[in-house]
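Structure, as structure tokens:
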Amino acid sequence: MEVGRRSDNGSVGWDLNGVAGPCTKVVKSPSERINRTVSPIDSSEDNDLCLPNPDATSMQQRQSVTKSDIIDELLEAFQRKWMTLRPHGRVQSATIWRNGERVNYVNTPHVIALVGLPARGKTYMGKKLSRYLNWIGINTKVFNLGEYRRQATEAYKSHDFFRPDNTEAMALRERVAVDALEDACEWIEGGGGEVAVFDATNTTRDRRRMIHSIVVEKMGYKLLFVESICNDPKIVQATIKEVKVNSPDYKDVENETVLNDFLLRIQHYEALYEPLDEILESHLSFMKIFNTGAKVLVHRHEGHIQSRVIYYLMNIHILPRTIYLTRHGESCHNRQGKIGGDSDLSEKGWNYARTLGDFIKTQRIRDLKVWTSWMKRTIQTASYIEAPQERWKALNEIDAGICEEMTYEEIEAKHPDEFRNRDLDKFHYRYPRGESYEDLVARLEPVIMELERQKNVLVIGHQAVLRCLLAYFLDRTADQLPYIEVPLHTIIKLTPVAYGCKMEEIHMPIEAVNTHRPKPATCTSIQNDQ
């Protein structure tokens, strides 16, 4: 059997049945730090973390190498590389990790390592967690091991790649796991990374030992494992059908074949699966989530960030639901061009309230709840809707402070410096005696937590408030958030899907003024001048 076929660049690639095949080595460029994986068997001099290059005579010996041996070898190589970058050894948690003036929650970087069999919602949780942490201002990035594996191998062929006795594939999987962790460390060490989410199965104690050794012992970061355990076959089947049929592994493959192959893949993982154990792994910090949140177990968590992560993950669920967002009907202040205040609806605003009530009635939305702010214009807009209603003070419009009930022209004339400063940095700018968008995000965090717990909800809110909520659900950045367009008399329908949210806009046939103020064209030039 031919074991290694060296490509033109000298690297050896592997096909998914454990037999070597041509595979181009992908090297990271400075502008694309994460897209870097290396064939696990590579004798090129620039590969600091390589395994010995096998040949036909050593095949039998390679098959006898245990997973633990492979991991030990990878850890030694990792140590050699990072000691050249960190000659002083472990960095203590008191170290200042990044430059910049922004006050944040993180003084020690964290790695959140997901654990669980395939089709247990790990990637769903990882992406939602990343979206949430970025939304509250914690720089977070997901490192998905499946993407690294696909870069390091040929096109997916079958579940045989995941067989427990496929030692070459096992070596590759451990190799790319170290690649992903190395990239996570480089991203953090680069100065801006705060929380890295390591999205992989991590189902054996040997793999978790390797992660702990790299993340905690060698890098000095904090580490939290999050295990998703699901024994409900209906949930597992639904996850497979919704997510895995669209996986790059199964491109152009019939759905029935996908299902059978993936179930066999799960069986291979089950053969070696070692759940997190409070006794055997008592030194680890971890969280176990059973059947999508029916029960939660937390072991030895430490610190503010881990507490926030745990609290967030306790609140999310994957049950089907729809979230509707709409601004109040056009108000009298809208017609006058004034911001803030607590004015009544205009005549057109009342027409929208009636139309909204009729629309909701025709939709027959099961168990719908309606949330409004404490301001008259949202309460009036909800007055024709036949559903339970809740008032949230947290949903009140952004406080414009000294600029309340003024037009933008009046603000520019009376407070030119404030007008200019807000254009320069709309997200962080705070009105004198008022709020910023950053303040508003903090105020809305309890609303997000409760929205994640709910089923079908209609939120009748205000322009700035709905911008913040949309930024969370659509994964928008802080720079994009203040300029998200939320027109009057429009219903925004959000439907959670596998790894994000599907958005639909439903425009009601009632005219209204346009209150959207786009990002000033002069803003960028002013910043460059400074």
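Heads up, the Cβ atoms here are built off N, Cα and C, so glycines get one too.
Curation plays no part in TrEMBL annotations; they are all automatic predictions.
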Substrate binding, same site as R327, H328, G329, E330, S331, C332, H333, N334 - TrEMBL member from R366, R377, R391:
R377
Can you see whether DSSP assigns S331 (substrate binding site) to helix, strand or coil?
strand
When a 10 Å sphere is centred on the Cβ of R377 (substrate binding site), how many other Cβ atoms does it contain?
27
Quick one, of the binding-site residues R327, H333, which Cβ has the fewest other Cβ within 10 Å?
H333
Protein Cβ atoms within 10 Å of S331 (substrate binding site), excluding its own
29
